[in-house]
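One structure is given below, encoded as structure tokens.
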Amino acid sequence: MIELKTPAEIEQMRPAGAFVAEVLTELAARVAVGVNLLKLDQIAHDMIRARGAESCYIDYHPSFGASPFGKVLCTSVNDAVLHGLPFDYALREGDVVSLDFAASVDGWVSDSALTVIVGTPRSPEDTRLIEVTTEALAAGIAAAQPGGRLGDISAAIGAVASAAGYGINTDFGGHGVGRTMHGDPHVPNNGRAGRGLPLRPGLVIAIEPWFLESTDKIYTDKDGWTLRSADGSTGAHMEHTVAITESGPLVLTARS
Ligand code: MG
């Protein structure tokens with residue numbers, strides 16, 4: 001079911017968006033050689049507690065998950081790209097790390113992700129992957145206009161990826177966001193402009209392109225959660241929670 005939020009409800013969603021942005025800004029600043037993924041999760045946990053927020057991940061147990069997630073942050077490093085379960089790993093020079101964080105504040109959820117390189121990039125390909133994924137997110141947001149169609153967003157993301165030569169996996173993509181983290185509609189990272197759900201003011205969605213350097217195939221790590229590239233190539237993931245308003249897209253998780 002598609003839920004449309006009133007302008008007042010979208011205003012109520014702003015604190016959750018601001019908090020998620022604040023946490024990701026802090027975590028990105030803390031990423032460095034030697035920092036443990038469990039430490040990043042602990043920082044996020046402490047910020048949730050201090051804010052009186054609720055984690056969307058810790059008890060998350062969908063049909064595809066082996067058990068409840070148990071952490072508050074997804075940390076996907078190098079060939080991992082989505083749903084990375086934090087484990088005892090100290091970041092190394094050149095690692096490509098995606099941080100995905102969702103939390104509820106005042107009963108409203110926001111969901112956002114970013115990808116950064118630890119220290120000096122290992123290759124120009126890693127830098128380019130992150131740039132293209134960032135560009136795809138911006139294109140998807142720009143296409144989230146009232147009067148448009150969901151396919152406009154998907155097509156805009158897909159066009160950026162295709163132009164850069166990346167494959168696109170549409171099994172996992174964006175989603176409706178509201179009182180809970182995952183709602184309708186599914187927002188695939190490729191599609192046809194002018195098709196699909198009409199974009200009406202009040203629709204709030206997570207837009208989240210993710211690409212792999214040389215494949216569109218993934219597999220689930222033996223931890224039961226982490227999704228890794230089939231060929232070992234690097235992945236990147238960028239996500240914002242976006243409200244469609246009368247005047248255009250409003251990025252609730254914008255970082256200053
Ligand atoms: Mg997310």
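Sequential numbering from 1, following the chain as shown.
Every residue, even glycine, has its Cβ placed from backbone N, Cα and C.
Quantities reported herein were computed from a predicted structural model and do not represent experimental measurements.
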Let me know which member of His61, His83, His175 TrEMBL also records as binding divalent metal cation 2 at the site of Asp111, Glu208, Glu239.
His175
Annotated companion of Asp111, Glu239 at the divalent metal cation 1 site, TrEMBL, chosen from Asp100, Asp231:
Asp100
Counting Cβ atoms within 10 Å of each candidate's own Cβ, which of the binding-site residues His83, His175, His182 comes out highest?
His83
Coarse DSSP state, helix versus strand versus coil, of His175 (divalent metal cation 2 binding site):
strand
Can you tell me which of these binding-site residues sit near ligand 1, meaning the Cβ is under 6 Å from at least one of its atoms: His83, Asp111, His175, His182, Glu239?
Asp111, Glu239
Need this for a regression test: binding-site residues Asp100, His175, Glu208, Glu239, filtered to those with Cα within 10 Å of His182 (substrate binding site). What's left?
His175
Inter-residue Cα distance where the pair is Glu208 (divalent metal cation 2 binding site) and Glu239 (divalent metal cation 1 binding site), in Å:
4
